[in-house]
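Okay, structure first, notes after.
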């Protein structure tokens, strides 16, 4: 059964601990983002790993190639399962990131590495006016996806709305990791390109990241099980 990735959008380990305790020791897939990592440092990864959870470390690195390479050497040593960069950093940067992960992993298992295409909070209008990208949103996402594949990365972060086109372009094994997932009863909040877990499954996502629909639910375990059911029907 494919597990959804739970976005641990908290500031403190105490909040994380209280949340994870609700799942009675079940091994989960979780995302540690900027808020949690920058507030607590690398120790937060170690503490969560001790509970046998898989970790997607979502720091979206974007810098010159050598800096990203050096950073990835360090991140690989944390023992996380997946990391990411911004595809906008370019092919050379992504290749350097991959090289850094391989160096940092040594003889151990290398974390998967994926690249962010366009954020799910980005609309086509804002992309065109603020980023001065004059293509369609889909064309931009496909361009970044092809670049990511050429650099040898495992896949991309994308909206589920682009997942099938990315699959057709890059093959079924190329990961399409999809945030912006909400249960039908939940508000979209600051996300724009959102879908339900069921729709994400039907239109080509390989992995889904779910935050507020689970973490802010009155009963997080029940919400998680609902997401799990929709994602695996």
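Each Cβ is built from the backbone N, Cα and C atoms, and glycine gets one as well.
DSSP classifies residue 59 (substrate binding site) as strand under the three-state reduction. For residue 59 (substrate binding site), the same-chain residues 6+ apart in sequence whose C-beta sits under 8 angstroms from its C-beta are 33, 34, 37, 75, 83, 84. For 9, 31, 58-67, 120, 182, 191, 211-212, the entry in Swiss-Prot reads substrate binding site, with the evidence type sequence analysis.
Residues or ranges marked as active site, proton donor in Swiss-Prot: 60. Proximity of residue 60 (active site, proton donor) to non-local residues of its own chain (separation of 6 or more, Cβ distance below 8 Å) is seen for 34, 84, 85, 86, 116, given in sequence order.
Within 10 Å of the C-beta of residue 65 (substrate binding site) we count 18 further C-beta atoms, all protein chains included. According to DSSP, residue 65 (substrate binding site) sits within a helical segment. Annotation for the binding-site residues 120, 211: lowest Cβ count within 10 Å of the residue's own Cβ, 211.
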